[in-house]
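Enquirer: For reference, the structure I am asking about is given below.
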Number of protein chains: 2
Amino acid sequence: MPTLRIALAQVNPTVGDLAGNAATVREWSRAAADSGAQIAAFPEMMLTGYPVEDLVFRKSFVAASTAALRSLATDLAADGLGELPVVVGYLDADGGPRNALAVLHGGEVLTTYYKHHLPNYGVFDEDRYFEPGDTLTVIRLAGVDIALTICEDIWQAGGPFAVAGRARVGLVVNINGSPYELNKDDVRLSLVQRRAAEAGAAIAYVNMVGGQDELVFDGDSIVVTAGGTLLARAPQFAEHLMIHDLDLPAAEPDAPTGDLGEMSVRRVEVPAAPPAPSSLVEGGIADRVTDEAEVWHALVLGLRDYVEKNGFRSVVLGLSGGIDSSVVAAIAVDALGSDRVVGVSMPSQHSSGHSKDDAADLAKRTGLDYRIEPIQPMVDAFLANMSLSGLAVENLQARVRGVILMALSNQEGHLVLTTGNKSELAVGYSTLYGDSVGGFNPLKDVPKTLVWKLARWRDAEAERRGAEPPIPENSIAKPPSAELRPGQLDTDSLPDYDELDAILAGYVDGDLGRDQLVAEGHDPALVDRVLRMVDVAEYKRRQSAPGTKISIKAFGRDRRLPITNRWREHPS
Amino acid sequence: MPTLRIALAQVNPTVGDLAGNAATVREWSRAAADSGAQIAAFPEMMLTGYPVEDLVFRKSFVAASTAALRSLATDLAADGLGELPVVVGYLDADGGPRNALAVLHGGEVLTTYYKHHLPNYGVFDEDRYFEPGDTLTVIRLAGVDIALTICEDIWQAGGPFAVAGRARVGLVVNINGSPYELNKDDVRLSLVQRRAAEAGAAIAYVNMVGGQDELVFDGDSIVVTAGGTLLARAPQFAEHLMIHDLDLPAAEPDAPTGDLGEMSVRRVEVPAAPPAPSSLVEGGIADRVTDEAEVWHALVLGLRDYVEKNGFRSVVLGLSGGIDSSVVAAIAVDALGSDRVVGVSMPSQHSSGHSKDDAADLAKRTGLDYRIEPIQPMVDAFLANMSLSGLAVENLQARVRGVILMALSNQEGHLVLTTGNKSELAVGYSTLYGDSVGGFNPLKDVPKTLVWKLARWRDAEAERRGAEPPIPENSIAKPPSAELRPGQLDTDSLPDYDELDAILAGYVDGDLGRDQLVAEGHDPALVDRVLRMVDVAEYKRRQSAPGTKISIKAFGRDRRLPITNRWREHPS
């Protein structure tokens, strides 16, 4: 049984940065070769980043991708890495755009493969963008047959993995741009195990890591045996080069080729290979972490990459002393460091003493750049010149704060962070062009009840490490309030957040109707009230900033509802 | 040769309004029967409205659609219309969601058909939403065989029309939710003629009319002979019942059925039919109009339906005396009447005398509700409390105006209209949360050069009718300026609009790369400058209000680009 040393490069590409992504491949291929790897695999669309969306339709972009691929092959050989087969995702255009991978070897593109199963649900629109491939590529390397596949190929039964089984390969490499969702790692392992059984082959699964607009890729690269035994697993949310030695069946001289049912098989011999390993290396199995830790790391990475990849040096946010802005500040400081985070307290006549104290306390704990900008003079100027009352005055205060944050952004170059949580956004409990102002919202997909849990987890984590907990206990414990009128509390307008979040999970993530929610045990009047709020808030949500997606359905791109719509689950 | 009297009901449904849409079908079926029609056809997804997007995933919504269909069948019979076959689009769920049509007759659902070709490009995402049908339904009515098809079925060769040809039908009915694009009517007629040849049958094409978020459906229903001769054509942008008598070949007793290649054929006899017509009726051929008239009517209808269907009574917009806000005001007055439009002049210290005069002149000409709200006191309050300079001060003025408009909206209930044109939006020449504030933007998809043409067309049209031209000549003729600093002109920051719009058309609508644009004769330095502006403005555009789509690619939903993206056509 040959032993093959594989290198899975769990790296963080940037969409559109062909030169930078190619440099990453060269650097990590060097490290893989230094570790004695006989093959190195990089994520889906590694060269272009993922997803590239409508850039696919730009011929100049496709041409740049294929040119970068050829240059990369040459450069790897010039680096002295020509013998190492490097599997890398890129964008091709062969009878239509292709979500493709190439094997680079000996300074050339040895062979390619085009993704067969194209996902067109949730955040994916690949039926718009790509033509599906119908040929499975199998390379023979150091006496082992290896089938090459891309992402969704592993999520659907049939197709590449079934054909790989008929082709009697020893290993299937699957390269991914698989976005994070809460608990997706659990689904992922059992999926890889199931598909190993279907192919009767070991699987090496490599995923990208990093933030891209609303998506965050969590890594979590995996190696399993044909029998489904987990051999190695990379950590989530960190770049990682996983080197693992795999015992694999020798390639069969008479293994079938050509038409094998759903797909045909193309076989390619890798003419030279690095030598087999002399001592055994294992990739190790990274520990799983709690839900709160997982989400926290996703939000930190999502924010960091949004800021860095878009070229911002710093962020600014309003600090109310409440839980949402405190948690966003802590995430921002974890992502960027306290010297790159500006927090602005913008008290009004309705701001309580504890709000100002709690904001100052958070600033002291985190060390961020703290400013105070009272809003009353600007609010008064509007009130003196217009006849406003009630909700219009409440919203005015939030909008004056928005103008202040945007003025600081224009003057000093910060990205403005929004701090509204998913529960608030869902029911429209925010001011359009007020507290919703900003370029990125870390909590956009985080329900209020989870915001509290994250705060408690982060503080406990600090205590565990002997550091100062960043979030003041008072911000966590006090009843939430928008403080836009005297004595206002969230509970004046909203149900209890435990009940609200449960109904939202059913209605938004689960697409349940009113009657199903009532059948689940929710109070009918409360269901009607919440659904009415959600339906009315659709326009506001569309106008809100992007934010890292952590669940099945964030608001925004992957929730597509008509604005103009008379359908109501509830009595109107 | 039997003569069949058909009724094409070019009506305006509302998404989600199942009861209202069913009532429309009953009312127009009554009118069709009163006109002696033997069959009446309504648009695609008539009962639910179109597009319903993610409502498809709500089981309760699908159930409501099928229940509404059954009730409609019963109600039509109760109305005494049971004998008239009524073809109506709806949402079904038979092995997955279906974009379906039903023939209602005798108080029952006589038969159904599921759309075969599902569009998944441009504004369409039907691969996400629907399962394709694989059976063509042919009804025999009054001795004529009629195949029933839906929208995209007519845009692709092969499939339903080819199979209808093999089934030797006399007529194909095609029901549509086909959105307007500039000059789409020209494409549409030649398409229908081509498909008539493919089927060897006459075609009755009925399209919906009305606005739905960013889409506007233009009607333009068509009847052609098997030879492609245009017999009847409905006007664009208006509801219309088109009654036309068609001479059609008699059904063949031995016409083939069952599997006919790409699809199988289901044949259904309509057991009773209204009597054949005794005198000849023709539908008439509506005149085509100029491009400017077509776009104007599209924008007026798109705005009116957005306002009405979302339950607003009135709109408010800022009037600068410039061309964009003047044109939006004229569109709004045409759409809603002058008593439902509020225009606010918000002069600053940089506003010229002519700006205030021209805004007042427009208000007088259109009769809208005119207000004046100077912004200097509010701007001064910010400047007194913050250290701002340069662009931050320019943006501050635009944002104070945004706060004023939103305060009026909150206080009085108006929908705020945005007035930035497509050229400005493309290059980011606007202030986020400033002049971009608003719920709907009639000019979102209108390039600046077309804004001027529309203004001249509208004024000339008024003169032709002996009415007062709504848009002051001075607003059309003067050089455009944002007036955010002394003596500022658009040309300080932007190229000439003729050149700008030509490059934008290539880069945005045509997906051309830099080198192609240069090869087309554009100045390389100017191309680089414009492309840089467009790429940088992506985030602002995402945050902008919806607006009626009139071209291949509006910004917003149908232009899907990553925000985080390092790819540049131009040297960075």
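A Cβ is built for glycine as well, from the same backbone N, Cα and C atoms used for every other residue.
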Enquirer: Going by TrEMBL, B:GLY318, B:LEU319, B:SER320, B:GLY321, B:GLY322, B:ILE323, B:ASP324, B:SER325 bind ATP; tell me which of B:THR225, B:THR229, B:THR418, B:THR419 is listed for that site too.
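Expert: Of the residues offered, the record points to B:THR419.
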Enquirer: What residues in the same chain, six or more past the boundaries of the region 'Disordered' (B:463-491), come closer than 8 Å to it by Cβ-Cβ distance?
Expert: 320-323, 326-327, 329-330, 333, 348, 350-352, 354-355, 357-358, 361-362, 365-366, 393-395, 397-398, 429, 448, 452, 455-456, 497
Enquirer: Near B:LYS540 (deamido-NAD(+) binding site), which residues of its own chain have a C-beta under 8 A away, given they sit six or more steps off in sequence?
Expert: B:LEU425, B:GLY428, B:SER430, B:LEU432, B:SER436
Enquirer: Long-range neighbours only, meaning 6 or more apart in sequence with Cβ under 8 Å: which ones does B:GLU424 (deamido-NAD(+) binding site) have?
Expert: B:ASP324, B:SER430, B:LYS448
Enquirer: Residues near the ATP site, B:GLY318, B:LEU319, B:SER320, B:GLY321, B:GLY322, B:ILE323, B:ASP324, B:SER325, B:THR419 excluded, by Cβ within 8 Å of the Cβ center?
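Expert: Residues close to the ATP site, other than B:GLY318, B:LEU319, B:SER320, B:GLY321, B:GLY322, B:ILE323, B:ASP324, B:SER325, B:THR419: B:LEU317, B:SER326, B:VAL328, B:ALA329, B:ALA359, B:SER475.
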Enquirer: Would you count the other C-beta atoms found within 10 angstroms of the C-beta of B:GLU44 (active site, proton acceptor) for me?
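Expert: Excluding its own Cβ, B:GLU44 (active site, proton acceptor) sees 28 Cβ atoms within 10 Å.
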Enquirer: Taking Cβ distances under 8 Å as the criterion, give the subset of the recorded positions B:TYR121, B:CYS151, B:SER178, B:GLY318, B:ASN395 near chain A, ordered by sequence.
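Expert: Only B:TYR121, B:ASN395 pass the 8 Å Cβ test.
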Enquirer: Among B:LYS115, B:LYS184, all listed as recorded positions, which has the most CB atoms within 10 Å of its CB?
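Expert: Counting every other Cβ within 10 Å of each candidate, the maximum falls on B:LYS115.
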Enquirer: By a simple count of other Cβ atoms within 10 Å, which of B:GLY318, B:GLY322, the binding-site residues in the record, is least packed?
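Expert: Selected from the binding-site residues B:GLY318, B:GLY322 on minimum Cβ neighbours within 10 Å: B:GLY322.
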Enquirer: By DSSP, how many residues in the region 'Disordered' (B:463-491) are helix, how many strand, and how many coil?
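Expert: Within the region 'Disordered' (B:463-491) the tally stands at 9 helix, 0 strand, 20 coil.
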